[in-house]
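Asker: Sharing a structure, written as structure tokens. Questions coming.
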Amino acid sequence: MKLIQLSSNDKRFKPLVFHSGLNIIVGQKILKDDKKKTSNGIGKSLSLICIDFMLGKGNQNKEIKKLKEIMKQENITLSLIFEHKGDTYHIQRTHESSYINEVRCENEKDYKDFLNSLLVDTDYSFREIFTRFFRTDKTSYTDAIKQVFSEEAYKNNLINAYLLGLDLDYLKTKKKLKVKSDRLKVLIKELKEIQKNIDKEKEIEYEEKLKRIEKDLDSFEIAEDFNQLKEEADILTSEIQKIRNQTAFFNREIRNKQNIININKQTEIDISKIEYMYKEAEFFLSKDVLAHINSVKDFHETLFKNRRNKAIKDIESLNKKIEETKSKEKDLDIRRSEIFKYLENKGALEEYHSLNKEKDSVVSYLNEIQRNQKALTAFKKEQADIKIEIDQFKRDLIELEDNIKERIEFLKKSFREISEEHYDDKPGYLDIEVNNNFITERLYNIVPVITGDSSDGINEMKIFIYDMLIYKLNPTLIGLIGHDNRLFDVVDERQIAKAFNYVSNNLSQYVCSISDTKIDEVKKHINLDWDEVIIRNLNEKDKLFGFDFE
């Protein structure tokens with residue numbers, strides 16, 4: 001990807017025209033001797049934020065929210081032209097709409113899909129990758145590895161490992177095992193609760209009580225005709241339940257038929273619109289084609305009509321069946337009620353039911369204990385299985401460390417080579433270790449190191465060098481790097497000069513913002529065609545949008 005131009009429909013906006021190599025946006029103080037005036041608030045950072053917005057950064061960012069509010073108030077449209085893999089794209093965005101080569105995207109998803117299509121041979125979205133090469137958030141300048149500060153540990157580790165060319169299968173496996181491991185902690189807690197609820201002494205008491213109740217039920221004597229009537233009542237209950245199930249089935253069928261009626265509707269096709277559309281494209285439909293379209297339309301209308309008519313007849317038939325089953329159910333229920341009333345008047349059924357109710361309560365309690373005991377056994381087995389999986393995985397990690405040793409050494413060397421171009425006396429290295437503990441989903445501990453990294457500006461240079469390494473390993477993935485002036489605020493001007501020299505010689509395109517106080521000092525340490533590399537000077541009189549962005 002190569003940025004060509006950022007512009008706007010608002011004439012107050014200061015266009016940014018980009019070229020290959022180094023592109024610097026300078027924030028100036030109008031009066032050099034005025035200590036109260038700074039280059040803040042004129043559009044240095046906003047320039048990069050606008051680019052980020054044009055390339056899909058979302059509303060979750062407060063700067064983007066503010067930008068869209070201003071664009072809405074001022075009726076501003078931003079335009080970005082860029083090249084990618086030999087094609088030129090013209091993107092336009094308002095506060096609510098996006099256009100690709102003057103074609104409006106139906107929604108935000110369509111725009112994101114377009115951006116994702118720019119990347120091939122990767123499982124990750126455009127935004128997931130682009131944020132590694134283009135830092136606009138303030139929080140992205142605290143840690144070289146944390147380009148997206150709020151990102152979950154696994155996703156952060158996965159994307160960085162992908163860009164560094166490290167093994168991802170083990171990382172994904174650790175993620176799955178971490179989920180299981182966390183579940184294990186929940187299981188252990190549940191096991192303890194279950195163990196508290198299992199009262200062995202009470203269990204024995206209930207088992208003895210069940211035996212007594214069953215013995216009493218076996219010896220229970222009731223009216224002579226009780227068994228015969230109870231059997232009839234049970235049969236009636238079974239028949240009633242069957243009828244209810246049948247009624248429920250008929251109702252489900254009615255809903256299904258109604259669904260057929262609802263969905264079998266022909267979408268109205270306006271043939272004139274189709275003809276007009278083709279005329280607009282300078283194609284003409286023959287009468288035969290139009291006749292065929294009408295024929296197809298009529299065929300589907302007839303088909304849908306037949307389906308609906310059949311469904312309507314089926315519903316009428318089902319409703320009749322429901323009426324018949326309800327009538328039958330009513331007759332059976334009346335007979336069953338008569339039997340129950342008769343048995344209750346005998347005075348034996350109440351006592352018998354009381355014993356059965358007590359039995360059911362005891363059986364329910366014992367069944368619950370058995371379920372808890374089975375769950376306890378299952379949880380213990382799952383606990384052991386997870387431990388075995390994790391132990392095996394940790395053994396596999398030993399082999400992984402050996403397999404990626406050369407890759408890690410290559411990355412250390414590559415980081416050091418870039419670092420040596422910026423620090424003669426204290427070059428750094430990229431420390432990468434395999435993390436086998438399950439406190440975190442992170443598999444790789446990736447730490448850029450520069451000797452004396454507690455000094456001012458060293459942390460920022462670690463970020464710069466790490467980003468240069470990511471670019472070096474993936475030069476065509478995005479094709480450019482973007483840094484806000486925050487990166488350079490506390491960095492020694494000599495290091496900035498070396499950084500500018502590096503990007504001029506090694507990057508297809510580098511876009512950054514910086515204050516004039518910094519750039520004036522940098523000029524003392526490096527000779528560049530400053531008229532070319534400084535693509536825009538911004539100040540209080542010439543702000544990016546031409547007005548206060550507050």
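Here the Cβ of each residue, glycine as well, is placed from N, Cα and C on the backbone.
TrEMBL does not curate its annotations; it predicts them automatically.
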Asker: Labelled coiled coil by TrEMBL, one stretch among 71-109, 344-382, 383-421, 422-460. Can you tell me which?
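Answerer: The listed stretch tagged coiled coil in TrEMBL is 383-421.
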Asker: Quick test of the contact rule: Cβ under 8 Å, at least six residues beyond the ends. What residues does that give for the coiled coil (308-335)?
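Answerer: Here the qualifying positions are 236, 239-240, 243-244, 246-247, 250-251, 253-254, 257-258, 260-261, 264.
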Asker: Using DSSP, what's the helix, strand and coil tally for the domain 'DUF2326' (418-549)?
Answerer: 47 helix, 27 strand, 58 coil
